[in-house]
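Note sheet for the following structure.
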Amino acid sequence: MSVRLPLLLRQLGRQQLPSGPACRLRELCRSGSRSSSSGGGDPEGLRGRRLQDGQTFSSHGPGNPEAPGMDSIVRDVIHNSKEVLSLLQEKNPAFKPVLVVIQAGDDNLMKDMNQNLAKEAGLDITHICLPPDSGEDEIIDEILKINEDPRVHGLTLQISEDSLSNKVLNALKPEKDVDGVTDINLGKLVRGDAPECFVSPLAKAAVELVEKSGITLDGKKVLVVGAHGPLEAALQWLFQRKGSMTMSCPWATPQLPDKLREADIVVLGSPKPEEIPAVWIPSGTTILNCFHDFLSGKLSGGSPGVPVDKLIAEESVSLLAAALRIQNMVSSGRRWLREQQHRRWRLHCLKLQPLSPVPSDIEISRGQTPKAVDVLAKEIGLLADEIEIYGKSKAKVQLSLLERLKDQTDGKYVLVAGITPTPLGEGKSTVTIGLVQALTAHLKVNSFACLRQPSQGPTFGVKGGAAGGGYAQVIPMEEFNLHLTGDIHAITAANNLLAAAIDTRILHESTQTDKALYNRLVPLVNGVREFSEIQLSRLKKLGIHKTDPSTLTEEEVRKFARLNIDPATITWQRVLDTNDRFLRKITIGQGSTEKGYSRQAQFDIAVASEIMAVLALTDSLTDMKERLGRMVVASDKDGQPVTAEDLGVTGALTVLMKDAIKPNLMQTLEGTPVFVHAGPFANIAHGNSSVLADKIALKLVGEEGFVVTEAGFGADIGMEKFFNIKCRASGLVPNVVVLVATVRALKMHGGGPSVTAGVPLKKEYTEENIQLVADGCCNLQKQIQIAQLFGVPVVVALNVFKTDTRAEIDLVCELAKRAGAFDAVPCYHWSAGGKGSVDLARAVREAANKRSRFQFLYDVQLPIVEKIRVIAQTVYGAKDIELSPEAQSKIDRYTQQGFGNLPICMAKTHLSLSHEPDKKGVPRDFTLPISDVRASIGAGFIYPLVGTMSTMPGLPTRPCFYDIDLDTETEQVKGLF
């Protein structure tokens, strides 16, 4: 043990053999005390005065057997605490418990005592010193801040009795209340749940010191005088547990003389008033002094006139209490670590009462009252300061959670993909939600769904919402499908700010001299020119190592001020979250103020913005800022890339996106958690929800839990991009692929009539047709083979419709297993909720235990053309690829610019394995045409355009908005589906 504890004991007046060279100690003395003449060394102070006055300082009376010294008692407590902490830190090296002491007044003795004991045990300690006259609200404000700090594991209050109101005490979080003063801790103590609560260190010290002095408590009469509140309750309970008959009373009680005469042990909870004669306490009574004046910073040293032949002084109680507080701190840390480990959530799942026929999605959603989102957050282990609540049913989650749970083992990772879909969709979102409802609400396994945020374009267009459907959906579905927390609006604002910066820069460069342009870019402010931080970064990129704007040469000024953007190479478009076909090609700059600068441009749908892809692939705020800065918007006239960083807009984009980076927390119909975050399209982008949502969810579910995420469209598009793009960015590898199929889609691939949104299905789809199903299973078999290319086990989920027959269902499951699926399971979640997907959940759990042999499809170091060819031939089944001259030119440019080692994101129709939407089943012997190649350098991929791909959808003849309305009386949304 280090020298700190012996020194502290000597400061408090204990006899202690010298250890090493003598030290000059700060003496905590009473005025008028004289120096001890002993060479070894009891410093003049409290003990010296008592010995001179004939008082006994030890915890035993004259003639009693020698009790253990205080130093050995405290030493044992601290040593045991240190050993336990060391064992905890062996398994958790980053774990360092922190005790915070909120102190009102200048109590240096208590401060020193806490600091020395904490350091001896290996704890960190922080003192917050408030003015002595601090009010209740000020104290509570400090408590609430500490409550929500995940770095703090214990909180103690050392303030005057007058300030310790019930409101103040119960402001403490019970799990951080190492003094055991909250009603919850006291209630558990009284109920007999001492192992589950914190016991008052002061009360526990009092009882232990009596026992250490050789007194048997069984049958003794104990009187607690002048104590109240938590201390009184704890003392009474602890003495009663030892078999003592315990009474409690204030000093002013009329029966006090009789009670004192009857007591074997008297515990003083406050100073004895002068008017109460000392003779009321009979000789031979054991007295414990538990009072300490926090404002004066002085130990009470006993109450005036109290007989001291069996006095256990306050400094003895205080020192042991401080050591026991450290013991409680270690227990708090141990409990906290246990909470961080995998545990089954204490989740209150919402009950479903499925109806038949199944009502509309919005009726089902509205018929279920969601839990308050803060309740859900607490159930899954989020701290109060880790969420930002939006309304009652959605919240954003802070990225700091990843740091707190960095040592937590990830859960199992499940990807939901699908066969080549009909235009109606085959229910991947519904399967995803049904699966997590089954896992958590029915199998009691922690699980999280991670979904993309839907664009408002399809919501008001032809597809409708994307919250799932039937009894497997996210609620409230109208909030899910509309603005949510504004992430897409933030992307729109950031994207269009960058677009404005591009054209504005071209305009200003074309109308100003180098000097005028430079003077405006680096203006005089109070007579001084200074480069901004982002301008210094540009200088560094240009190889100009200067920081004084006045020292640049004319050539350096020109290089710095002029980007020389080639308008013909601009790839950055403006965006809007609305389907508007008339913005597919526009002319900008036709106003007279633009001085004749105009060019042809276009609008894309907002979710096609590269900023959406950046949001989906980033893993931190720092990474997002770097990715935003790397986004290439054009080339200059020398063929070099021009980035957002060159335009000086990176910081502004990051500011606009700082809240959008936080995943959005919602819930399913059965009250299980869902992250809704990022929504890139799968045909024109990579089509997956965010890396951050997946990473946070994997930590929250724990080692035995499951995170289920979805890849857009068919496995040939969304799943391939998930593996080759998202998994490269995240470093995560899924344990299982769930491949969603429907009898309807299989009939289409088997040669059935075309399926068109808004047009009733032909009879082939509503009546049994075994042959069509059998012929169409070729597409299912191909998609299973694609998943197997990556070495991940496949479970087929057959999303059953009411028109499907048992023979059709059995046939699909049989053929899927023959094709190599680990299992194939019919699912009824749409009509029955999680209960209808329990078999799927069991199959997924079993498949997740199978060893995955994951591998990427290609090496990113291959040339761009070869990577495109690998995907076309291996995944789509193409004979070869054909590059247009423009595509070849772009590939050459990106390779020359150093972007040739990025993964590939194919922009292709989702309605066929080929480039032709009407080619169903498994097309063969086709050549895949690459019409253009673009680059999302910030997101980190090259995306070839296959055939003609529109990045701005249009509205149909009868859009969904015909059915959408608002009840102005109730403010309820109608018509969403």
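Placement of Cβ uses the backbone N, Cα and C atoms for every residue, glycine included.
Among the features that Swiss-Prot reports, transit peptide is placed at 1-31, with the record citing similarity to another entry.
Taken from Swiss-Prot, the feature region 'Disordered' applies to 29-71.
Among the features that Swiss-Prot reports, region 'Methylenetetrahydrofolate dehydrogenase and cyclohydrolase' is placed at 32-347.
The annotation N6-acetyllysine is assigned in Swiss-Prot to Lys188 on the grounds of similarity to another entry. When other Cβ atoms within 10 Å of the Cβ of Lys188 (N6-acetyllysine) are tallied across all protein chains shown, the result is 19. Under DSSP, Lys188 (N6-acetyllysine) is assigned to a helix (H, G or I) in the three-state scheme.
The N6-succinyllysine feature in Swiss-Prot is assigned to Lys188 (among others).
On the 0 to 100 pLDDT scale, the region 'Formyltetrahydrofolate synthetase' (348-977) averages 94 in this prediction. Annotated region 'Formyltetrahydrofolate synthetase' per Swiss-Prot: 348-977, in sequence order.
In this structure, Ser356 (phosphoserine) belongs to neither helix nor strand by DSSP; it is coil. What Swiss-Prot lists as phosphoserine is Ser356.
For Thr422, Pro423, Leu424, Gly425, Glu426, Gly427, Lys428, Ser429, the entry in Swiss-Prot reads ATP binding site. On its own chain, Pro423 (ATP binding site) has Val755, Thr756, Ala757, Leu911 as residues at least 6 apart in sequence with a Cβ closer than 8 Å to its own Cβ. Following the DSSP three-state reduction, the secondary structure of Pro423 (ATP binding site) is coil.
In the three-state DSSP reading, Lys595 (N6-succinyllysine) counts as coil. For Lys595 (among others), the entry in Swiss-Prot reads N6-succinyllysine.
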Rounded Cα separation (Å) that holds between Ser429 (ATP binding site) and Lys188 (N6-acetyllysine): 44
For Ser429 (ATP binding site): DSSP state (helix, strand, coil): helix
Additional residues around ATP, ordered along the sequence, whose Cβ is within 8 Å of the centroid of Thr422, Pro423, Leu424, Gly425, Glu426, Gly427, Lys428, Ser429: Gly418, Pro421, Thr742, Ala745
Alpha-carbon spacing, Glu426 (ATP binding site) to Ser356 (phosphoserine), which is rounded to whole Å: 21
Intrachain C-beta neighbours of Ser356 (phosphoserine), sequence separation six or more, cut-off 8 angstroms: Ser831
Fewest Cβ neighbours within 10 Å, where candidates are the binding-site residues Gly425, Gly427: Gly425
Those recorded positions listed as Lys428, Lys595, and which of them has the most Cβ atoms within 10 Å of its own Cβ: Lys428
Residue with minimal Cβ packing [other Cβ atoms within 10 Å] among the binding-site residues Thr422, Ser429: Thr422
C-alpha spacing of Lys188 (N6-acetyllysine) relative to Thr422 (ATP binding site), in angstrom: 59
